[in-house]
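The block underneath contains the structure these notes are about, expressed in structure tokens.
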């Protein structure tokens, strides 16, 4: 019996299995719906992931602005245009989509969300780069302005790009300064090489100077020995000459007396010569008288008168003789005096001549010694001359080497003097570029940046849940007018939408402490978003039935991919870019961003959302109007079949 019951159950289960599948194949639409539902995960992953598959690889499509005010400068003979070089390098790179615009245009489009960053290069950027190695290094500032509120992830990307740009410029500036340093060091090296050559010349000159000094010392020693002997001979010569001079002086002093004595002798001799005949005559006469008188005396024949006369004559002769004798005596005295003076002068003269002879002899000896030592003196002089020449050559080389060394070192110092090595220079060289950032819509945290996208998704998911749980078509009383039928359903759906907005607004502002520009505008925008998605979801379900329910999920995927809530539309694929403007979530997200961060006008977004809400509800009213021509039973049956 138990076996029979099991067989019955198996047969019954088999019949139920067949009936289910038979129904599906009999109702092709339901089979399509089931297949479509099975496709939802694949469609979701494919569309959503495809839209942001390589967002970082598409950063070259992210628009940013460059405002270049930099002015070129000349630095160590180099034409420096860092700003121009930077813009050219950025254009060639694939980092971002750079646009060269004016400061006014860049600021306006940044506020409008058309640019995600503005890079401003100041006019003194290149000039500041030349101060890094000076005594007063200055900061090189690059000014980055962001609009984080437009897209939080994009702001992170542009911030990373700004850091990369700063690194590129820092590398460029460091390379420039390193080139200057290496150039200065190269020139200093050349100067040092010249200094080394000058030092070698200096060494060679010093070597020659040493050799010359040795030769000079040897020659000086030989010359000194000869000079000593020459001095000794010269001293003997001077001594003999002095003695001879003294003799000459004495001879000169006594020559006058000698001359006077000779004159007196000459005078005396003259007088003596003059008186001698007279004396001789007188003597002769005296002798004759004496003889005469003698004869007379002897003979006794003389007379008195004759005797008297002869006596008188004798007396006169004696007087003349006496006078002549006196003259002779006087002359003899003068002759004696002159002879004495002559003798004295001759003695002095003899002494002087002897002294002169001695001096001449000493001079002769001195000259002999000089003559003897002249070869040594000449040899010493030649050595001295050779040493002096070597000394002169060495001194000249030393001078030239010193000048070369001094000039090279001076040039090296001048080249190196431009390089300062203070702590400030080291810091400036390590980080030459500083990024000065500003944000026109600063986002305090990741939650604030993601809030618009999260709010939109939350409202759409809430609409899906309500559409699944609430019957939006079947009335609980037979309707008479399409508008009242719509109003009855819309009152419930709208009330849920209002409650969603109230709870969501409270949770964000009170729970998450989200800061918004205007609480009223923020709440109104959330309410519009809630009504927009509810209208869209129920419109699709009313118009398309089960397929519409499936399509609601597909629309969610499309909006996640193309609304620009997560990544900027510039970074998504072409399909997501194409559908962006056709997605209701795009306008809700833009409006919420404006109220949370960007502070832009939301009027256009609000009018578009209102227009969509009105359009979806008009379509639902039309569907209800069509439903009035169907019996309630038919409608209910049709709904069951669906």
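Even glycines carry a Cβ here, placed using N, Cα and C.
What TrEMBL lists as domain 'ABC-2 type transporter transmembrane' is 34-621.
Counting residues 6+ beyond its ends, the transmembrane segment (29-49) has Cβ neighbours under 8 Å at 23, 546-547, 549-550, 553-554, 556-558, 560-561, 575, 642 in the same chain. According to TrEMBL, the feature transmembrane segment maps to 29-49 (among others).
Packing against the transmembrane segment (450-470) from elsewhere in the chain are residues 152, 492-493, 496-497, 500, 504, 508, 512, 514, 526, 529-530, 532-534, 536-538, 541, 549, 552-553, 556, 559-560, 563, 565-566, 585, 588-590, 592-593, 596: each is 6 or more residues past its ends and has a CB under 8 Å from a CB in it. Annotation comment: TrEMBL describes 450-470 (among others) as transmembrane segment.
Same-chain neighbours of the transmembrane segment (490-508): 451, 455, 458-459, 462-463, 466, 470, 472, 514, 519, 522-523, 526-527, 529-531, 534, 538, 617, 620, counting only residues six or more beyond its ends whose CB sits under 8 Å from a CB of the stretch. Summarising the annotation, TrEMBL assigns transmembrane segment to 490-508 (among others).
Residues annotated as transmembrane segment in TrEMBL: 520-544 (among others).
Residues 33, 36-37, 40, 43-44, 47-48, 50-52, 55-56, 58-59, 61-63, 97, 116, 150-151, 153-154, 452-453, 456-457, 460-461, 464, 467, 536-537, 540-541, 544, 578-580, 583-586, 589 of the same chain, all 6+ positions outside the transmembrane segment (550-572), place their C-beta atoms under 8 angstroms from a C-beta of that stretch. Positions annotated as transmembrane segment by TrEMBL: 550-572 (among others).
Annotated transmembrane segment per TrEMBL: 602-622 (among others), in sequence order. With a cut-off of 8 Å between Cβ atoms, the residues of this chain six or more beyond the transmembrane segment (602-622) that come close are 482-483, 486, 489-490, 521, 525, 528-529, 531-532, 535-536, 538-539, 542-543, 584, 587-588, 590-591, 594-595.
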